[in-house]
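Q: Pasting a structure below so you can have a look.
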């Protein structure tokens, strides 16, 4: 192998090209002087606007119809309504604006102070104009904007629902659907999205790698308290933002479903997409890497008789647009960006480290960000999925447990027999969650960090748990959709095929597994720091 | 010493670091010298960034400046034009210029 | 508070915390799990068959020293039935390799394994010192990188070996996954998590340490009191690998399982079919038979440049043009001996200059 010394292998060096090629003139109209540089290309203000709109439409319109277009372009005809996931961040704000300008109205948003009057649409180039015929009906008849407020999870964090509402309602035609992150633990919310409520609640034991679960007889905790308990017992700081993302995504998907929406649009920019792809790889989510870009979601069977489930297509129309372009659009269109609150301790999580890394790279090596997204776009899962993860509802691999046991010997019992994939550590007849999870979700719930959770002196805090009983400090409630999958309306375990081979009976065989509860210690870098005793 | 007047705007959350104020009108020396031995040179954006840090920035320096320039993720416009087209930090400021600093990071 | 006990045997006092799992364990349990995990890796992938001749790429560094120790230990303990060799490459840089070669010689004595040291001068007719004298310090590393890769294969062919094992560890593999995503190297990305790679015309290469954390390799060497000489490579901040390395270390600090998680991600995906079809096909070098994407492999191109006094041939575009403009290759130039995969125990190519007739020379 080459030593990758940069003076050897030209590929080993990242190309630090000059910021833009040659002239300062707009490369599109070739007349005006440029105002902005996007990925080495210079554009003037007048050319920038239609360019962004074109990119937006190109990433969205081929996916509006159920089936991909043939050689002749067909009219846009989605099978359901539109739901826009809105986080308050830069991408969401720009997305909302672009969707409204492109498919809803020619009126200026009230927020900017202009009068509500029709303004002529800007001159555009490109085939998108064919859909601009004002005599035609709108592409989507109904559109809603869903916002999930996260502030409840972190005491002291500001609730932004009202600010967000103002932004959304400044556009005509958008219905505002506010949710709270704790709705993930709320049976009433579950019912409101047309799902069958479970008659039981489930808790699982997070201290045991197998994650055995039990029926809970307590309904005393509020959804918010359940959320706090969940978050506070996760084994690493990284798990918290990762979990918030998963919960938010499922809340949006079920809302799309309940509003009969065929499409869920998210404002993920190319920059954000590259960040989430790398972070996902770093957390073991390689199997689902293509789902990060675009996915088709069908709700698992609801148990409601005679109901046909319609899928939701998740599209990211800004996936070819970098943060800088979004910021420029927002600034030149006078858009107000409410912004997102930072999860406390985010900077030291895998998500936060990845974000800093990518944003730092993007400034000096702009092509790296698009290389990441492009590379991941060429990948596909190697094996067939073995089922659906009950937590994130993405395809899950088979044989994850066998792989884990093989890689890391965690008990002497492992040495006696060949790893069999039979979950050890659970008692007889004890069902466990682990076979129903994908690798990444399992890692989120079990992979420990040696870092203590950060404590901040001011600003929002991490939640602390509310226990049912003081002795049972490792029990954690499950989000409503997980309970529904594992415990249907018939009150029996009726999960779909677990993500590993073997019947349910295999769950009951097992050996008692001794596990020493570990405290969290700081891990220092040198080898010597791992020694608890000097053994010279 | 001559001074030049500038209009400074902060957006994308940066205003929170500058007394929660989006617009500022400031006057800076037009030919500041960094040390007594150096000949005075025209004030450029790099100088402005440090001037802002010393005079207007109220908290969290690291969210604005890193390694002598703006932190990655902050877009700078000079008279509505990308500073990359104007020489970035070495653009020499003129009286009446409008400089906008936009953060693309928006929390999280 | 009662003293803690080893998480595995529950009898001895723990003296270290495993970077991989976080468990606090005693020394003998650490040796046991470390060795067993490598054994699992080897058996699960069915890397070897009894009777295989296996060359351990030995650089004298920690990875290859521990690798030599482990391979010998496991071979004896589990009766793999392997014929083990140590294979080391001497680039001919005064003062650089001397210490590490000493370590390799020591390893030979300690483990009683046959050792083959293959030098650049033997193989190519040029030492790195010679090359530097000719081309200067700027592009000399290009030669080293290309030559070293081929040298391992050629040395193994000379030894009549079926299989090369290298000390690439989990950190290396994870770093490579990240790096290949960042630079869009789809071809390498598809291969880099494979535990064993084999081209049509190259010898099988495996990484038994694929799931072994670098920190644990160091700990093993420390506790077993194995000696090694470490030459740390310093990457300029502009290299992809330098960026990926720093980032990986940060990730590991945030969540130690990140290294394994990245490898798992790398194993979980593959290239889409339609992309695979567009990849450049491998062919073999017309001059020396080594695998190549072009008519002439990189090493042959570089060597021709050296021999003809045009040092930049194969390095810069200008150099390539210069080489091509200078006309066809003269017949009497030294070339790299023809590379042939041996069948059974053949000694492989003889390292004399110009053993094979050339064909038409570099394609215009």
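Every residue gets a Cβ built from N, Cα and C, even glycine.
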Q: Among C:25, C:89, C:93, C:203, which residue does TrEMBL annotate as binding ATP at the site that also has C:57, C:58, C:59, C:63, C:167, C:172?
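A: Site partner of C:57, C:58, C:59, C:63, C:167, C:172 for ATP, according to TrEMBL: C:89.
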Q: Need the matching range: TrEMBL marks region 'Disordered' on one of C:319-341, C:342-364, and I'd like to know which.
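A: In TrEMBL, the region 'Disordered' feature sits at C:342-364.
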Q: Tell me, how many other CB atoms lie within 10 A of the CB of residue C:89 (ATP binding site), whichever protein chain they belong to?
A: 26
Q: Under DSSP, is residue C:167 (ATP binding site) part of a helix or a strand, or is it coil?
A: coil
Q: Within the chain of residue C:167 (ATP binding site), which residues six or more apart in sequence place their C-beta under 8 angstroms from its C-beta?
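A: Non-local contacts for residue C:167 (ATP binding site): C:57, C:59, C:61, C:62, C:63, C:64, C:66, C:67, C:207, C:209, C:217.
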Q: For residue C:172 (ATP binding site), which residues in the same chain are close in space, meaning a Cβ under 8 Å from its Cβ, but six or more apart along the sequence?
A: C:214
Q: How many other Cβ atoms are found within 10 Å of the Cβ atom of residue C:63 (ATP binding site), counting all protein chains shown?
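A: Step by step: centre on the Cβ of residue C:63 (ATP binding site), count other Cβ atoms within 10 Å, giving 25.
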Q: Restricting to the domain 'tRNA(Ile)-lysidine/2-thiocytidine synthase N-terminal' (C:54-232), what is the model's mean pLDDT?
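A: Averaged over the domain 'tRNA(Ile)-lysidine/2-thiocytidine synthase N-terminal' (C:54-232), per-residue pLDDT gives 82.
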Q: In terms of DSSP three-state secondary structure, what is the assignment for residue C:89 (ATP binding site)?
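A: DSSP assigns residue C:89 (ATP binding site) to strand.
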Q: At a 10 A cut-off on CB-CB distances, which of the binding-site residues C:57, C:58 has the highest count?
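A: That would be C:58, with the most Cβ atoms nearby.
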